[in-house]
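Remarks on the structure that follows.
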């Protein structure tokens with residue numbers, strides 16, 4: 001099975017090539033301009049790295065790159081789900097929405113996300129990722145500000161669609177970039193930390209809404225407009241931070257000196273998946289469509305995204321209709337967001353310290369959210385607090401989704417293969433979230449039985465898919481050991497840096 005020890009990545013490693021001519025042959029064998037970080041990788045073959053030096057490099061990355069990822073993801077989540085809060089302050093009345101028009105407004109952002117992710121993914125691969133992402137951040141922040149001027153369903157629908165197109169650069173882009181910066185062992189915890197921003201964003205959004213709820217309803221601008229003004233302005237300002245501070249890859253990070261860049265690249269070369277390749281590889285793109293991991297994750301993410309769309313867009317409505325005031329609703333929603341943060345940090349810590357525990361950890365979280373979804377659906381309405389606590393615990397589902405993202409960054413090699421697989425998986429995410437709001441029907445208030453049963457079905461399917469993924473990768477590791485013998489780590493690192501897929505690299509082993 002795949003190893004996750006730091007010694008495999010950063011410890012004193014005997015060089016596999018030791019002469020200038022051999023190093024030059026490696027550079028000639030790979031198109032250096034396309035294979036990002038390959039020159040630094042070759043320079044680092046003869047360098048011995050102490051644990052102290054490796055830790056110092058990791059701390060720099062954790063203190064500079066990780067907070068940028070976290071804040072960016074939090075802003076994206078708050079901007080995308082701002083309707084959830086605006087809905088508490090008369091947004092539907094202000095726009096004169098009828099029937100399921102609010103559901104369409106909630107869902108349409110994911111249609112834009114779908115159409116935007118492929119051009120955004122190409123741009124992230126071809127150009128410096130931080131520049132693509134920062135421009136996208138500024139433009140979607142502008143869309144949030146423009147929402148304050150929309151007074152008709154059609155205008156708001158168009159702006160929300162464009163908002164989704166620009167947001168499509170972020171989560172897929174950060175998922176790919178996570179593999180640029182951290183080792184296989186480190187990725188799950190870091191991914192859980194920056195993805196916990198959904199919980200932090202939910203808490204911040206709840207308290208912004210709670211503060212706004214104390215303002216008079218007759219104020220100008222209207223209270224729902226104030227939400228968009230605050231979030232849109234913060235997002236536009238943050239875009240400049242990302243543009244000027246976040247580097248694309250370790251090989252061009254300005255906060256590293258030359259040796260530190262080499263060491264940072266050497267660390268992630270041990271992931272066996274390479275860093276980034278600017279050249280498009282048609283064979284790898286086709287491979288993404290029939291890779292069993294992609295297919296399993298596609299089904300899993302689609303099934304889980306439907307209830308995710310319910311929770312993101314209607315959690316305030318569902319909690320309010322349990323019998324709580326508007327102010328109390330925002331406070332109670334923040335508890336669910338806190339559960340999400342805690343679950344992600346616990347899951348990330350387990351996967352960091354227990355080798356090959358990723359899919360077992362996600363399975364535990366999947367069982368929890370499946371059981372609590374069943375309780376939310378079938379507990380009697382009179383058991384208000386039992387239903388509420390169950391609804392809070394459903395937020396543990398984010399652990400499973402984050403593990404899906406770590407499978408992309410840790411267990412898929414070949415940059416085009418990895419980016420196309422990411423695109424397919426986020427396609428499932430988009431259309432599942434698009435369908436989610438339509439599971440919520442006003443006619444079923446206050447129980448919303450269809451929505452809560454949807455949670456149960458979606459999480460049950462995700463649970464089965466993650467068990468299938470665990471079985472596939474475990475059996476494939478066993479098959480490779482039987483046919484090819486023990487994996488050769490140095491050869492596997494080299495294959496990864498040469499942009500070989502895990503199917504071409506016979507020394508590649510999946511981390512479970």
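Cβ atoms are placed via backbone N, Cα and C, with glycine included.
Which of 275-294, 295-314, 355-374 counts as transmembrane segment depends on TrEMBL, and there it is 295-314. The stretch that TrEMBL tags with transmembrane segment, taken from the ranges 25-42, 43-60, 61-78, 79-96, is 61-78. TrEMBL lists transmembrane segment at one of the ranges 399-419, 420-440, namely 420-440. At the 8 Å Cβ threshold, with sequence separation of at least 6, the transmembrane segment (194-214) comes into contact with the transmembrane segment (334-352) through 3 or more pairs. Ranked by number of Cβ pairs under 8 Å to the transmembrane segment (104-125), the listed stretches 61-78, 420-440, 452-475 are led by 420-440.
Sequence-distant neighbours of the transmembrane segment (226-246) (same chain, 6+ residues past either end, Cβ-Cβ under 8 Å): 64-65, 68, 71-72, 75, 78-79, 82, 85-86, 89, 130-131, 133-135, 137-138, 140-145, 147-148, 205, 208-209, 212, 215. Stretch with the largest number of CB pairs closer than 8 A to the transmembrane segment (132-149), among 61-78, 334-352, 420-440, 452-475: 61-78. Counting only same-chain residues 6+ beyond the ends of the transmembrane segment (61-78), those with a CB under 8 A from a CB of the stretch are 133, 137, 140-141, 167, 170-171, 174, 177-178, 181-182, 190, 193-198, 200-202, 204-205, 231, 234-235, 238, 241-242, 245-247, 250, 255, 264.
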